[in-house]
Each structure stands twice: as C-alpha cells, then as structure tokens.
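Here is the structure we will look at.
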Amino acid sequence: MSIVITNIGELVTNPGHGRDRLGIVYDAALVVEDGTVAWVGASAQAPDADERIDAEGAAVLPGFVDSHAHLVFAGDRAAEFGARMAGEPYTGGGIRTTVAATREAGDDQLRRATGRLVTEMRRQGTTTIEIKSGYGLDVEHEARSLRIAAEFTTETTFLGAHVVPAEYRDDPWKYVALVSGPMLNAARPYAKWIDVFCDRGAFDEDQARTVLAAGKDAGLGLRLHGNQLGPGPGVRLAVEMGAASVDHCTHLTDADVDALASTVFDCMCGDGGWSSTVATLLPGAEFSTRSPYPDARRLLDAGVTVALATDCNPGSSYTSSMSFCIALAVREMRMTPAEAVWAATAGGARALRRDDVGRLSVGARADLMILDAPSYLHLAYRPGVPLIRTVLHDGVPQ
Ligand code: NIG
Ligand code: FE
C-alpha cells in the first residue's frame with residue numbers, strides 16, 4: 001500500500017545533526033510505502049501511488065518524538081495544581097498520592113487511562129512516545145505498569161526509583177535494594193530503559209548510581225531525572241554513567257554544562273556532532289510548577305544536543321502537547337523556532353538513540369504530520385491553536 005502526499009509547501013526533513021538545520025524542501029512531495037518513506041522530491045515530479053493526499057501548500061513535519069512521559073497512572077492532582085498557583089511550592093511529594101490511586105486501580109482502568117493519553121498525543125502529532133512506570137513503587141505494581149506501557153510503545157522505562165514510598169521512608173537503602181533486585185527482575189521483560197529521580201527529596205547520588213548500575217547490568221539503557229528542584233549531582237552522574245539522556249536540567253552550573261559538552265562527538269560529516277548524553281528539557285514542568293525555565297541557549301551554545309518533551313504526568317506537567325512545549329521553549333528558553341522543532345523531533349530521537357524516527361528522508365519510518373499552516377514557524381507563532389491537520393503513524397493516516 002503506497003501513499004503520495006503532494007503540494008507540500010514546506011517539508012521538514014531533518015537531514016543530519018545540525019540543531020537548526022531542518023533541511024526544508026519547498027514545493028515537495030513524499031511517497032510512503034509499507035510504513036516507510038520511499039521517495040522525497042519536487043511535487044511536480046511526484047510518482048503515482050495507491051492513494052493521493054493533497055497537502056494544499058501546508059507544511060509537513062516528522063511526527064513529534066516525546067521522549068519523556070509518565071502515562072500509567074490513575075486519578076489527577078488538579079487540587080494540588082490549584083494550591084500551587086496560590087503559592088504552594090512543588091516538592092514531588094504529591095507523587096505518593098498518585099501511587100496510592102494507581103495501586104488501587106484495576107488493570108483495565110489503568111489501560112484505558114493510559115490509552116486515552118496516547119490517543120490525545122497522537123492527535124497532536126506525536127508518533128513516538130516514551131512511557132515510564134513510577135507510580136506503582138512495589139514489585140507487583142511496577143511490573144504491571146510496564147506491562148501496560150508495553151502495550152502502547154516499545155520505548156518503556158522502569159522508574160521504580162521515582163521516590164521512596166511511604167512504607168520505606170525510614171530505610172531508603174532498603175528500597176534501593178528492592179528496586180535494584182526483585183523489582184528490576186520483574187520489570188525487566190517489559191522495559192527497555194531504566195530511569196531514576198536524582199534530586200532533593202528523591203534519591204541521592206549514591207542511591208541513584210546503585211540503581212542505574214543494576215539496570216545497566218540487566219541490559220537496560222540509562223536515563224535520569226536531574227537538576228529539577230535545585231542544583232545537584234544528577235547531570236554529572238548521567239554523564240559518568242553514559243546515560244542516553246538527562247531530563248529537566250532546570251538548575252545547571254557551568255560544570256554541568258561542561259560535563260554534557262564533554263560527551264559531544266563530531267560525526268565528521270560536516271554537520272557538527274551530537275552529545276551522547278542529550279539534555280532533555282521539559283518546559284511544561286516549569287510552566288505547571290511556576291519555576292524558572294532552563295536556559296536552552298547556554299546548552300546549545302556549548303554544543304550540547306537538546307531534546308524537548310512533555311513530561312506528561314498528573315503532578316508537575318499535565319500536558320500532552322508538544323506544540324505547547326515548542327511555543328514555551330521559543331518564548332521562555334531562548335530557542336529559535338527551528339531549534340525547538342528540531343529538538344521536538346530529531347532531538348527526541350537522539351534522546352532515545354533512534355535513527356528511524358524524527359526525520360523524513362528515504363528509509364525513515366513514515367511518521368509525520370500535515371499542519372493546518374504553511375510553515376513550521378506557526379507552531380510557535382500561533383500558540384494554543386490546534387494546527388495538526390493529519391497524522392500518519394507507520395504510514396497509516398490516523
Ligand atoms: O518528571 N520529577 C519527578 N517526576 C515527575 C513528576 C511526577 C509527579 O509529580 O507526579 C517529573 O516532573
Ligand atoms: Fe518526568
């Protein structure tokens with residue numbers, strides 16, 4: 001089954017590693033065959049296909065790659081958000097409220113809640129989604145969360161080390177041993193990645209290192225939540241351990257930026273390079289916790305690869321909209337629209353160490369969106385407006 005999309009006013013291809021080089025082809029067409037991009041060229045030269053979609057001059061982009069989301073949970077924390085907007089600080093303590101609700105929920109209820117968010121994301125142009133556990137925090141419920149996550153994505157992340165649950169408050173190392181042993185074993189069949197929240201009120205550097213080392217030994221890739229609530233060891237630990245990504249990066253010292261920059265390697269293709277540890281910025285969290293935004297410019301100027309993701313979760317960032325994150329990144333984090341769109345597509349792919357998504361050249365997966373706008377610029381220029389007209393996932397119109 002093949003589809004040709006013609007009359008694309010502006011086709012974003014993301015050809016390489018240049019963080020603002022979107023590789024735009026004007027007046028383009030693109031052919032999809034069996035779920036992959038089979039041809040890209042001038043609209044006037046478009047070959048025939050089984051189906052034809054006329055983009056009518058609109059922009060076409062790779063589907064968003066949301067490389068950081070917590071979608072397996074029950075209930076919400078709207079009241080906590082309301083209190084925060086009235087002056088309460090965010091501490092991460094509310095995670096335990098969601099843990100209690102999630103443990104109580106039945107499997108089908110949890111599956112439906114996760115599925116609803118996945119559908120919401122797809123409609124808004126997201127075609128690759130990472131999903132974390134982290135609201136079970138015991139062996140049974142962490143394994144269950146990952147089993148459900150794996151029904152929706154291959155990018156599943158074990159986050160047993162989200163916070164220390166109430167029952168282990170007096171002995172956090174006992175909980176670290178549980179996460180690194182029996183819980184990891186139960187999660188392992190469903191997980192591709194392991195993550196740890198290394199921050200104030202969560203896990204300290206030694207605890208986080210212990211969890212990540214156990215995950216690495218079990219064959220999982222590493223990710224880390226760090227430097228969200230204050231400066232700390234998270235970023236440097238992520239670099240030391242070879243994590244694919246360190247996420248939040250709200251409070252960075254010069255040494256943190258240098259550590260991330262030290263992981264940059266040049267691809268020798270005349271297109272710059274990328275950092276093997278990506279800095280994933282989550283502006284939805286700063287928005288929803290009324291915190292200062294991270295300074296993306298500082299990272300970009302140091303050569304660090306930046307990804308943007310939603311952090312969708314019921315506590316610190318209950319948005320599923322990558323377009324909203326792009327608009328925040330441009331307005332508040334000193335990113336250009338091109339850098340932000342790259343970070344939300346190719347940058348997310350780098351954070352997941354994927355090269356089949358986040359770009360639209362021959363051989364890539366046919367994950368893409370047709371905008372209701374002539375240019376990618378409109379994603380930041382028209383914040384809050386639903387601009388995603390059509391989404392193709394694996395070559396199939398959604
Ligand atoms: O990424 N920082 C830790 N975890 C989530 C928040 C989870 C919650 O508040 O429920 C985050 O922001
Ligand atoms: Fe998170």
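Placed from the backbone N, Cα and C atoms, the Cβ positions cover glycine too.
DSSP gives HIS70 (Fe(3+) binding site) a coil state; it is part of no helix or strand. Within 10 Å of the C-beta of HIS70 (Fe(3+) binding site) there are 28 other C-beta atoms, taking all protein chains into account. Annotation source TrEMBL lists Fe(3+) binding site at HIS68, HIS70, HIS225, ASP311.
The Zn(2+) binding site annotation in TrEMBL covers HIS68, HIS70, HIS225, ASP311.
GLN228 (4-imidazolone-5-propanoate binding site) carries neither a helix nor a strand DSSP state and counts as coil. Counting every protein chain shown, the Cβ of GLN228 (4-imidazolone-5-propanoate binding site) has 27 other Cβ atoms within 10 Å. The 4-imidazolone-5-propanoate binding site annotation in TrEMBL covers ARG77, TYR135, HIS162, GLN228, SER316.
Just so you know, the Cβ of GLY315 (N-formimidoyl-L-glutamate binding site) picks up 25 other Cβ atoms within 10 Å once every protein chain is counted. Under the DSSP three-state reduction, GLY315 (N-formimidoyl-L-glutamate binding site) is assigned to coil, being neither helix nor strand. Sequence annotations record features per position, and here TrEMBL assigns N-formimidoyl-L-glutamate binding site to TYR135, ASN313, GLY315.
The annotation domain 'Amidohydrolase-related' is assigned in TrEMBL to 60-375.
Cα separation, SER316 (4-imidazolone-5-propanoate binding site) to HIS70 (Fe(3+) binding site), rounded: 11 Å. The 10 Å shell around the Cβ of TYR135 (4-imidazolone-5-propanoate binding site) contains 31 further Cβ atoms across the protein chains shown.
Residues ASP311, taken from the binding-site residues ARG77, TYR135, HIS162, GLN228, ASP311, are distinguished by a CB atom under 6 angstroms from ligand 2. For the pair formed by ASP311 (Fe(3+) binding site) and HIS162 (4-imidazolone-5-propanoate binding site), distance between Cα atoms is given as 13 Å, rounded to the nearest Å.
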